[in-house]
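Now, the feature entries from TrEMBL:
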- His39, Leu41, Gly66, Glu87, Asp115, Asn130: S-adenosyl-L-methionine binding site (BINDING)
- 46-215: domain 'Ribosomal RNA adenine methylase transferase N-terminal' (DOMAIN)
Amino acid sequence: MAKAPKKKFTTASNPTGATVSAEKHLNSVFKFNTNLGQHILKNPLVAQGIVDKAQIRPSDVVLEVGPGTGNLTVRILEQAKKVIAVEMDPRMAAELTKRVHGTPQQKKLEILLGDFMKTELPYFDICISNTPYQISSPLVFKLLNQPRPPRVSILMFQREFALRLLARPGDALYCRLSANVQMWANVTHIMKVGKNNFRPPPQVESSVVRIEIKNPRPNIDFNEWDGLLRICFVRKNKTIAAGFKSSNVIEILEKNYKTYLATTNTMIDDNANMTDVVKQKIETVLTETEFSDKRASKLDQTDFLKLLYAFHQVGIHFA
């Protein structure tokens with residue numbers, strides 16, 4: 001019987017030499033699951049560029065999301081105190097474990113097996129991710145909402161998603177995601193990454209962005225801010241007033257207003273129609289702020305903050 005070929009894996013001490021051999025082995029063992037966003041970054045120059053942009057300190061704990069075969073991981077391990085890699089696919093986790101086995105970096109790697117969105121994250125200083133595209137938005141918001149958010153995140157996304165993060169009022173791609181993320185963080189574009197830098201190649205081009213969460217954070221409630229933006233951006237090219245005419249929106253705001261009245265012990269007329277009261281308050285705020293006929297696609301953070309403050313002044317809340 002023919003002797004099985006010897007397996008070769010890239011080690012942290014030799015991060016590029018055996019990469020092709022390792023991935024050829026993986027291709028023969030199992031197929032990459034593109035439904036899970038398994039597009040392995042194969043270009044060592046791009047991988048090193050991403051790690052360099054993170055400006056890792058020797059004392060840093062780095063969280064890597066979706067390490068795959070470890071082409072980023074082995075480079076991060078050379079610079080960081082510790083790497084916490086969150087991997088959903090047990091096959092990938094096993095291959096990554098083999099890849100660093102017997103190297104000085106083995107003790108510096110911790111693998112958390114499971115869904116990133118359901119994983120309770122320990123403390124980390126930096127996040128690096130070749131992000132599975134289907135969790136792009138949830139991943140960003142999970143990072144933004146960490147009790148102790150990372151100092152910096154270097155994240156690879158589908159090109160259009162990255163451009164949405166960067167879009168400004170008036171841009172075609174400006175949306176709720178843009179306005180939301182830019183309230184809590186500074187976002188910059190790092191590099192474009194063509195589809196041929198991956199195995200297997202995805203159907204879209206990619207971009208790497210740098211996200212630095214603002215410190216101190218803006219002194220507003222995240223859920224209130226997001227609640228307002230959800231309404232305004234339901235039809236971002238329609239008027240702001242149009243978004244507030246939905247019966248579902250009125251119902252939610254009426255419920256919130258009743259809660260506000262109860263918590264503040266505010267007396268109201270028992271004969272008052274609460275739906276009409278809320279509608280009148282909405283109309284008053286939109287008229288006085290002069291945002292009634294404006295469009296969300298043209299408004300910036302200052303505009304939305306002004307609108308949120310005006311609604312709070314009349315007891316209308318969004319969370």
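Just so it is clear, glycine is given a Cβ too, placed from its N, Cα and C backbone atoms.
Of all the binding-site residues listed here (Glu87, Asp115), the one with the fewest other CB atoms within 10 A of its own CB is Asp115. Within the same chain, residues at least six positions away from Leu41 (S-adenosyl-L-methionine binding site) with a Cβ under 8 Å of its Cβ are Ala47, Gly68, Asn71, Leu72, Asn130, Met156, Val193, Asn197, Phe198. All protein chains shown were included, and the count of other CB atoms within 10 Å of the CB of Asn130 (S-adenosyl-L-methionine binding site) stands at 26. Across His39, Leu41, Gly66, Glu87, Asp115, Asn130, which the record gives as binding S-adenosyl-L-methionine, the greatest C-alpha separation is 20 Å.
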